[in-house]
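Right, one structure below, let's go through it.
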Amino acid sequence: MLSSLQNPRQAAAQLMNFAMILSTAFMMWKGLSVATDSPSPIVVVLSGSMEPAFQRGDLLLLWNRNVWQETAVGEVVVYNVKGKDIPIVHRVVRKFGTGDKAKLLTKGDNNNADDTDLYARGQDYLEREDIIGSVIGYFPFVGYVTILLSEHPWLKTVMLGIMGLLVVIQRE
């Protein structure tokens, strides 16, 4: 098992292989960000506020529209609130104005009230710059791994330990 540690060249090759896997995943993420024009092209639904359209744990694919394709009422968007890190997935229920100056009001399908309480202090509506992207597709329950890792931090340690162990004992 630990014989690979006795050969420094093999250990270095395994470390490089692991680094290459991580850098490839990072490059794919950044490439997807550029292609979709979204800083976060994939998000996970963290709550039940969009049921029945989307369930907790669904993985959403986003596309950030340009100026010529305006966000429409009824469209599901993902937005960030100033001062908070968690993206929110909700439907546009009202729109005031057009173009870059349009103001949007959102609401979760499973919520009784609109999102004005979720917006930043002094903000009554969303603006175009708040939108991360519009939902163009989803994979049901694929994002549950992310939720489990967030709710149970010890799972991250276990997963990283297993990955590290696999790198050490891998034979070529």
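Placement of Cβ uses the backbone N, Cα and C atoms for every residue, glycine included.
Here is what Swiss-Prot records for this protein:
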ACT_SITE  S49  active site, charge relay system
ACT_SITE  H90  active site, charge relay system
ACT_SITE  D115  active site, charge relay system
REGION    158-169  region 'C-terminal short (CTS) helix'
TOPO_DOM  1-14  topological domain 'Cytoplasmic'
TOPO_DOM  36-172  topological domain 'Lumenal'
TRANSMEM  15-35  transmembrane segment
Exercise. Which of the three DSSP states, helix, strand or coil, fits S49 (active site, charge relay system)?
Worked result: coil
Exercise. Where DSSP helix means H, G or I and strand means E or B, what are the helix, strand and coil counts for the topological domain 'Lumenal' (36-172)?
Worked result: 35 helix, 36 strand, 66 coil
Seminar exercise, completed: Expressed in Å to no decimal places, the gap between the Cα atoms of S49 (active site, charge relay system) and H90 (active site, charge relay system) is 8
Exercise. The topological domain 'Cytoplasmic' (1-14): mean pLDDT?
Worked result: 69
